[in-house]
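For reference, the structure is listed below as structure tokens.
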Amino acid sequence: MSYDKELAAAKNAVSLAARLCQKVQKALLQADVQSKSDKSPVTVADYGSQAVVSAVLQKELDSASFSLVAEEDSGDLRKEEGKETLQRIMKLVNETLASDGTYGNAPFSEEDVLAAIDSGRSEGGPSGQHWVLDPIDGTKGFLRGDQYAIALGLLDEGKVVLGVLACPNLPLSQEKVGCLFYAQVGGGTYMQSLDSSTPIKVHVTDLDNPEEASFFESFEAAHSLHDLSSLIAKKLGVKAPPVRIDSQAKYGALSRGDGAIYLRFPHKGYREKIWDHAAGYLVVAEAGGVVSDAAGNPLDFSKGRYLDLHEGIIVTNQKLMPALLKAVKESLNEKASSL
Ligand SMILES: Nc1ncnc2c1ncn2[C@@H]1O[C@H](COP(=O)(O)OS(=O)(=O)O)[C@@H](OP(=O)(O)O)[C@H]1O
Ligand SMILES: [Mg+2]
Ligand SMILES: [Mg+2]
Ligand SMILES: [Mg+2]
């Protein structure tokens, strides 16, 4: 089955949302210290991005069967305190849609914006098609002026069949910043600029010597156990220090061979959400990589809004995976026996 039409709509939606986010990040970084510590611009971009993606997908595709599993909902915006924020979001959404030329004819009202955001309340699951969206992944990176991503996937009968990842701050080449990664199941992974340069096919590294490998992990120590990653890396013989970047930009970078390994071990009790991994997973898998939980099981996106995982998520190429799994197992055993 081909998902060409859905892919074209998804690329359009994510590129426009990236435009909105770039505008907000620019204003945020130019703002004075006081409004930098004010988190509201981030909220505005998260909601705005979700509204834009939802609006574009529904305009381009059959909106009667539309189902979206997304991170944000409009609860706070419907409160009295949210009124001003909602106005700013509406303005941003309308400016962004108008900037494309094809969507700007009928401006969105506040109610339209709220409805677009709330179309993301689907529970997903094993049957039918569901879009999966993280309107800004790496909100903390976004706030710092670092890496973030707009991540959109499509599930069909519980499997990820499309993945589109915009990484506005990831270098594309020596001269250009901003990458759009996309993958369709069975079709490989491609990368282009956010303003639609000719796509190039990308592939994970073919490295087989862990000593030459480098690894990615979360920027935020609260999101992944950095000590455990360094123990695993040491066991593998990895020499390079960890590369810490925010968001699913890690999956994008890995898919083009920037690094060889991604290690993610959340603190106990944390449940991973599908929108934090769906798009990135397919981008890496179609580029020849392997994504699994710490026990080597494939990720299961059919269980609703959460992933059920054993311990964490590990990503690498096929050659390095056996050694990585062994190092992960030994490290987890050591950690358990030291407690
Ligand atoms: N405690 C904890 N443990 C693990 N993961 C968590 C945790 N808290 C949040 N999150 C999710 O992490 C998403 C950000 O991804 P990263 O960890 O890759 O980037 S970062 O280093 O935090 O910037 C982030 O996505 P966004 O909320 O979209 O930014 C969260 O969904
Ligand atoms: Mg996220
Ligand atoms: Mg997010
Ligand atoms: Mg969040």
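Every residue gets a Cβ built from N, Cα and C, even glycine.
Here's what TrEMBL has on this protein:
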type    : residues                              : note
BINDING : Glu71, Asp134, Ile136, Asp137, Asp276 : Mg(2+) binding site
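Distribution of TrEMBL features across the structure.
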| residue | record | DSSP class |
| --- | --- | --- |
| Glu71 | Mg(2+) binding site | coil |
| Asp134 | Mg(2+) binding site | strand |
| Asp276 | Mg(2+) binding site | helix |
**Study point:** Neighbours of Glu71, Asp134, Ile136, Asp137, Asp276 excl. site residues, C-beta within 8 Å of centre, Mg(2+)
**Key:** Leu133, Pro135, Gly138, Thr139, Ala149, Ala151, Ser247, Gln248, Lys273, Trp275
Study note, to complete from the structure: Listed in sequence order, the binding-site residues from Glu71, Asp134, Asp276 whose CB sits under 6 Å from ligand 3 are Glu71, Asp134
Practice item. Give the residue from the binding-site residues Glu71, Asp134, Asp137, Asp276 that has the most other Cβ atoms within 10 Å of its Cβ, counting over every protein chain displayed. Key: Asp134
